[in-house]
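Features of the protein shown, as given by Swiss-Prot:
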type	residues	note
COMPBIAS	381-390	compositional bias 'Basic and acidic residues'
REGION	377-396	region 'Disordered'
TRANSMEM	5-25	transmembrane segment
TRANSMEM	44-64	transmembrane segment
TRANSMEM	81-101	transmembrane segment
TRANSMEM	108-128	transmembrane segment
TRANSMEM	135-155	transmembrane segment
TRANSMEM	218-238	transmembrane segment
TRANSMEM	327-347	transmembrane segment
Amino acid sequence: MNINLFLLIIVVITALAFDFTNGFHDTGNAMATSIASGALAPKVAVFFSAILNLVGAFLSTAVAATIAKDLIEADLVTLELVFAGLVGGIVWNLLTWLLGIPSSSSHALIGGIVGARIAAVGGHGVIWSGVISKVIIPAIIAALLAIVVGAVATWLVYAITRSVPAMSTDTRFRRGQIGSASLVSLAHGTNDAQKTMGVIFLALMSYGTVSKTASTPPLWVIVCCAIAIAAGTYLGGWRIIRTLGKGMVEIKPPQGMAAESSSAAVILLSAHFGYALSTTQVCTGSVLGSGLGKPGGEVRWGVAGRMATAWLVTLPLAGSVGAVTYWIVHLIGGYPGAVIGFSLLVAASVAIYIRSRKVKVDHKNVNENWEGSLTAGLDGSDEHKPHSDVGPKLSATLPRYRSSHHTVGVRNAS
């Protein structure tokens, strides 16, 4: 086996690993509000999301072409560069998942690839007009649009149903949330799976298996990416689901449906035009907007501020990881460079996973009241069994915002 074929295999495996992390990292985009409002049981929600991500991945390839052709010069691409960019995306995804921050998998991937490209040949190898016009500007516009649409939609929902009893309204909107959340999952699969398709497409063009004039990736690439993102989604990114569903605002069913519908509309529209949009930023913007649009609603601006900070540093920090990885793999060179680079990625991933087990967040405790941070007030054991000191522990620290929705009693039903 020659070194280029070996590198291609490593790149494809790493790309599918990124797609897998994208699935569990971004599950919260679609299902956090439905889980928080009690519209769907947690395990049922992630199952629906996985199926619809799988279906959505087959609906379009416009974003895949953007990733493969519109951000960096395809003639200057090497397999080392693609691998390094993927490492940047995976490491950033795992770090933000550990912290429960819903940052952009899309921007992590793009940042990693651009950083590796700069490390390889300098800034002239990057199509900056493409980065600005198809990544940065759409992200800013989409996030702001999602906030506005989410706020207006929520305000309208509450205005229209003002005279309807709350119990009746909540019941009906929970049913509606099943449809709106499903639409977001479908949109996520349509938008995000394509990004990994685009990376593998780029690698195949670099290797020479696919013509640089090809407009769509091979069918096997589409199928593998669809399966990878669906499998990751089914695991459920509980840490990020908790932040989106409980951390920023307290979600009621009318808010949830308004936020999800707003997100789906923006994401599907962007996918149609081939924009490499961050579904995370759109969904987070919609949730924030729902908090602003609800009469008497509250937003935890500290949590929102941490998210915004993560968004700002995603491109440069993921790019830095991609650049360092490229230097390591390139300087060592050959089989040793590829093996060492891949081994470092595995080691970093395992270390982050072990750290996350110290306080486990899963379907059993994802809807616990937010007490100031992701894991505050949660049981640190794997089984979440009640301890004799749980009562005093929870009462000792008064949470800043206490949930009052009536679905608390059923959140452990799954």
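For all residues, glycine too, the Cβ spot is worked out from N, Cα and C.
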Six or more residues beyond either end and a Cβ under 8 Å away: which residues meet both conditions relative to the transmembrane segment (327-347)? 3, 6-7, 10, 14, 80, 83-84, 87, 90-91, 119-120
Lying 6 or more residues past either end of the transmembrane segment (5-25) yet within Cβ distance under 8 Å of it, the residues of that chain are 50, 53, 79-80, 82-83, 86-87, 89-90, 93-94, 96-97, 105, 109, 192-193, 195-196, 199-200, 203-204, 207, 209, 224-225, 228-237, 240, 335, 338, 342, 345
Long-range environment of the transmembrane segment (44-64) - Cβ separation under 8 angstroms, sequence gap at least 6: 23, 27, 30-31, 34-35, 178, 181-182, 185-195, 197-198, 201, 216-217, 222, 225-227, 229-231, 233-236, 271-276, 363, 414
